[in-house]
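Chemist: Handing you this structure, nothing more for now.
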Amino acid sequence: MAPNITSAPTGVLFEGDTIGPAAKDQQAEVNAPEAKKPREPYRRQIVWRNVILFIYLHLAALYGAYLAFTSAKIATTIFAIILYQVSGVGITGGAHRLWAHRSYKAKWPLRVILMLCNTLAFQNHIYEWARDHRVHHKFSETDADPHNATRGFFFSHVGWLLVRKHPDVKEKGKGIDMHDLEQDKIVMFQKKYYLILMPIVCFLIPTTIPVYMWNETWSNAWFVATLFRYTFTLNMTWLVNSAAHMWGSQPYDKYINPAENLGVALGAMGEGWHNYHHVFPWDYKAAELGNYRANFTTAFIDFFARIGWAYDLKTVPVSMIQRRVERTGDGSHEVWGWGDKDMPQEDIDGAVIEKRKTQ
């Protein structure tokens, strides 16, 4: 029930209280067609400004990749790779695991660092990113999912950014509880000044540093360190929404689309273990195993946990994982070898044992 709404008499006289039964029936007939009016079917509305922008970004990124191998200084290419890692952490460790899922807590110095890293990534401010991601998890693979993977690879990868949001996305987004982010002064500071911070952090600084620090050309700095880096980071993030919802194993829940995808995990800094993540979205590792090689974000969080800047790290006990694997998994859960309690009986029965020991 909404606040301040009760069934007790209030003393307020509404229009319906002043008319007789006959008039009420007549009024109901007038209002009935409006109440029963069918909902208009959703019609995709292309945002041509975004289409043109993303075409330019990808053409510029291809040119930037060419320059990285032909004329750009090695320092510029290395700088672009570092910025990709830094901005990626702003999404994975910041907007995603910290603010969208609250899988751990961070002291203000770390939150400031993650906010700046997130601004470098330029994927909307933290507040909007987290809200849309919470909607994605609560209404995954439905019309209320901002990047509904059932609408195809292209839509879930980038197409969702080229059209107006489905009405269900907007409607469900309004019902998402965002009070925790609204109380975070760092998040709200970024939201308020985003249109000032983002151009400076994402475009201006990455372009000027190579020019003034190691005498790079403006063209190489712009196309390699800025546009190639930015567009590459975007696509790595998008692969989580597209590829990781289509291809891979489902050891934790075979009834949902998200899957375990090593390639995506490597490119998206640990976000490719997506079947696990959708089953246990509150685990700060976003994976069952804390393998740093395929989950750089977990290494980042663990480092700051050691120095006390990250704390209250939430994870899942082995027993809970095992119960879920047995109940809904597809049988692809990893085993360490012969005799592992997770080894399927059909594998045991079908195995061939050669050179058996004789008495």
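The backbone N, Cα and C atoms fix where each Cβ goes, glycine too.
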Chemist: Going by Swiss-Prot, HIS136, HIS274, HIS278 bind Fe cation 2; tell me which of HIS125, HIS157, HIS245 is listed for that site too.
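Modeler: So, going by the record in Swiss-Prot, that would be HIS245.
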Chemist: Pick from 74-94, 284-304: which stretch is listed in Swiss-Prot under transmembrane segment?
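Modeler: When 74-94, 284-304 are checked in Swiss-Prot, transmembrane segment belongs to 74-94.
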Chemist: Do you know which of 23-27, 33-37, 133-137, 163-167 Swiss-Prot annotates as motif 'Histidine box-2'?
Modeler: 133-137
Chemist: Give the range, chosen from 96-101, 204-209, 252-257, that Swiss-Prot lists as motif 'Histidine box-1'.
Modeler: 96-101
Chemist: How long is the line from the C-alpha of HIS133 (Fe cation 1 binding site) to the C-alpha of HIS278 (Fe cation 2 binding site), rounded to the nearest angstrom?
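Modeler: About 12 Å separate the Cα atoms of these two residues.
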Chemist: Which residues of the chain, 6 or more past the ends of the transmembrane segment (74-94), have a CB below 8 A from one of its CBs?
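Modeler: Residues 68, 114-123, 126, 129, 202, 206, 209-210, 213-214, 216, 220-221, 224-225, 228-230, 232-233, 236-237, 268-271, 286, 296-297, 300-301 contact the transmembrane segment (74-94) from elsewhere in the chain.
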Chemist: List the other residues in this chain whose Cβ sits within 8 Å of the Cβ centroid of the Fe cation 1 site residues HIS96, HIS101, HIS133, HIS137, HIS277, in sequence order.
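Modeler: Checked against the 8 Å cutoff, the neighbours are ARG97, ALA100, ARG134, HIS136, PRO281, ALA286.
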Chemist: Looking only at Cβ atoms, how many others are within 10 Å of the one on HIS274 (Fe cation 2 binding site)?
Modeler: 28
Chemist: Between HIS136 (Fe cation 2 binding site) and HIS277 (Fe cation 1 binding site), what is the CA-CA distance rounded to a whole number of Å?
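Modeler: Per the Cα atoms, HIS136 (Fe cation 2 binding site) and HIS277 (Fe cation 1 binding site) stand 12 Å apart.
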